[in-house]
Amino acid sequence: MTATRVLVLNSGSSSVKYQLLDMSDSGRLAVGLVERIGEQTSRLKHTPVATGGESREWTGPIADHDAALKAVAEELAKDGLGLDSPELAAIGHRVVHGGQSFTRPTVVDDAVLAEIERLIPVAPLHNPANLTGIRTAQALRPDLPQVAVFDTAFHTTMPEAAARYAIDVETADAHRIRRYGFHGTSHAYVSRATAKLLGKTPEEVNVIVLHLGNGASASAVRGGRCVDTSMGLTPLEGLVMGTRSGDLDPAVIFHLARVGEMSIDEIDTLLNKKSGLIGLCGDNDMREIRRRIDEGDAQAKLAFEIYIHRLRKYIGAYYAVLGRVDAVAFTAGVGENAAEVRAAAVADLESLGLAVDGGLNAVRGDEPRLISPPDARVAVAVVPTDEELEIAAQTYALVGRH
Ligand code: ADP
């Protein structure tokens, strides 16, 4: 029997999201998540996609990631998809920070684990949870290849001019301070899918990818290689996001510390959790913001305008970085669904060859699609992202070669 299944795990500090895919047809067999791990009210939700069965939910204490993964394995086994199956080829793990070390997906061994651990100072929230997920999965199936797929990997092709901050080089190097970028799996997937939509190879096209979810980032992709991206050392830099400020004068931090008498941790929380759309208007869901704007809410309108202003600045910046742009692709929760955001992002940019067709932009759907007028110089596209499929595909490609 050929092993064609890949389990994709996205382990957070208190959650595990998972998908089981069959790479013979890229089909999903099961999806689910465990959240609030370590609390009394942990919750598991499992959807057996392959059998078309109802989702199953369970609430109760799940002590740690080990218990969470065992619970997931039990749910999968109920559908005949147990992790002991010989059809399981590998487990693919999303790992947030691969630093400069990991430029591609990597089969996990002790040296890889040690390197992911070494990177914890630059990803204190994410890498420990990702490591726990890998170690737990290893314990469950020690014989199976575990593959780490890094959020940062796609961005390691950025030239030094884009990757370096203009600060003292020795200090930067001593603390590994540089622009790493995130959402790389999505930017890779969407830039390739956009080329395909245009009937071209990735090498033939230059694409600006706008990943607009709760976290948001833009990237400039030349011929399939990332040459710039908006997130930096951490996911805080760049666009206005659901709860993150994105770009700001770093002196705001000194000012808050000296004049506002806030601690570093308080400022960290302010900028990562209480800023962006939620800080500006109290809501971080674009649907709610649009609803409030329709009711004449001035605060929601200003938040939207600030969000769009920043987005347009990045489109302009990446236009200049790339020189020639073949397509602008919108993806993730906001990018895929919020037609008003897409229209506003490229409004009055006909001189750059950018425009959306109102009718096409209003169409909803799950497939990649063009929303620019047929004669537009630059294609504007909506390209739904699929990070789990991309992680599974990269995992399977790697394991298949071994
Ligand atoms: P993440 O993976 O970063 O949590 P998603 O890519 O799932 O985020 O995007 C979530 C966001 O997408 C929500 O916060 C909301 O603002 C936006 N969103 C989802 N559906 C819609 C919709 N129908 N219209 C407008 N915005 C939407």
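Along the chain as shown, residues are numbered 1 onward.
Quick reminder: no glycine exception, Cβ is built from N, Cα and C everywhere.
Where the annotation comes from TrEMBL, it is an automatic prediction and has not been curated.
Now, the feature entries from TrEMBL:
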ACT_SITE  ASP151  active site, proton donor/acceptor
BINDING   ASN10, GLU387  Mg(2+) binding site
BINDING   LYS17, HIS211, LEU212, GLY213, ASN214, GLY215, ASP285, MET286, ARG287, GLY333, VAL334, GLY335, GLU336, ASN337  ATP binding site
BINDING   ARG94  substrate binding site
SITE      HIS183  site 'Transition state stabilizer'
SITE      ARG244  site 'Transition state stabilizer'
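Ligand 1 lies within reach of none of the recorded positions LYS17, ASP151, HIS183, ARG244, GLU336, judged by a C-beta closer than 6 angstroms to any of its atoms.
Sequence-distant neighbours of GLU336 (ATP binding site) (same chain, 6+ residues apart, CB-CB distance under 8 A): PHE330, VAL382, PRO384, THR385.
DSSP assigns HIS183 (site 'Transition state stabilizer') to coil in the three-state reduction, placing it in neither a helix nor a strand.
All protein chains included, LYS17 (ATP binding site) registers 18 other Cβ atoms within 10 Å of its own Cβ. Counting only the Cα atoms, the space from ASP285 (ATP binding site) to ASN10 (Mg(2+) binding site) is about 23 angstrom.
With LYS17, HIS211, LEU212, GLY213, ASN214, GLY215, ASP285, MET286, ARG287, GLY333, VAL334, GLY335, GLU336, ASN337 listed as the residues that bind ATP, the site has a largest C-alpha separation of 24 Å. Each of the recorded positions ASP151, ASP285, GLU387 was scored by the other Cβ atoms within 10 Å of its Cβ; the lowest score goes to ASP285.
If you draw a 10 Å sphere around the CB of HIS183 (site 'Transition state stabilizer'), it holds 29 other CB atoms from the protein chains shown.
Counting every protein chain shown, 26 other Cβ atoms lie within 10 Å of the Cβ of VAL334 (ATP binding site). If you measure from the Cα atom of HIS183 (site 'Transition state stabilizer') to that of ASP151 (active site, proton donor/acceptor), you get 5 Å.
LYS17 (ATP binding site) falls within a strand segment according to DSSP. For ARG244 (site 'Transition state stabilizer'), the binding-site residues whose C-alpha atoms fall inside a 10 Å radius of its own C-alpha are ASN214, out of LYS17, ARG94, LEU212, ASN214, ARG287, VAL334. LYS17 (ATP binding site) sits 5 Å from ASN10 (Mg(2+) binding site), taking the Cα positions as reference.
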